[in-house]
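Record features (TrEMBL):
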type	residues	note
BINDING	ASP48, GLY49, ASP50	FAD binding site
DOMAIN	1-141	domain 'Cryptochrome/DNA photolyase FAD-binding'
Amino acid sequence: IVDAAMRQLNSTGWMHNRLRMITASFLVKDLLIDWREGERYFMSQLIDGDLAANNGGWQWAASTGTDAAPYFRIFNPTTQGEKFDHEGEFIRQWLPELRDVPGKVVHEPWKWAQKAGVTLDYPQPIVEHKEARVQTLAAYEAARKGK
């Protein structure tokens with residue numbers, strides 16, 4: 001869902017708020033990239049970019065600022081995709097390489113391809129969410145304790 005959302009943003013200059021939250025969470029909590037990088041990039045791309053809303057959204061996702069999500073709130077991109085793009089229509093629209101992946105397995109096409117013995121013209125995940133979540137929680141906990 002993150003890749004599809006970013007392709008939509010880069011193509012149209014717009015992204016639904018839920019997708020903004022998912023991609024922000026992925027950047028700052030799965031990849032541990034400074035939220036300000038995402039904030040700057042979004043402002044350079046968004047046709048509806050608003051400094052206060054964009055800044056606040058990124059601070060919320062990064063669990064910083066005055067109205068932050070708890071640091072342990074880390075969106076699972078697969079779960080979010082399954083919940084908000086149940087059948088994968090949005091994913092297939094923006095990721096034509098996955099148009100032929102059947103049903104709901106489009107949310108984890110690499111697993112389906114391996115089981116089906118199919119080679120996809122689509123990259124493997126750049127990070128394993130479960131592992132990234134553990135690393136992120138440790139990093140935030142260390143920062144919270146001042147270590």
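Residue numbering: from 1, along the chain as shown.
Keep in mind that glycine also has a Cβ here, set from the backbone N, Cα and C atoms.
Everything TrEMBL records as a feature, shown here on the structure.
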residue	record	contacts (Cβ under 8 Å, 6+ apart)
ASP48	FAD binding site	GLY13, TRP14
GLY49	FAD binding site	PHE42, MET43
ASP50	FAD binding site	none
Relative to the mean position of the Cβ atoms of ASP48, GLY49, ASP50, the recorded FAD site, which additional same-chain residues have Cβ within 8 Å?
-> MET43, LEU46, ILE47, LEU51, ALA53, ASN54
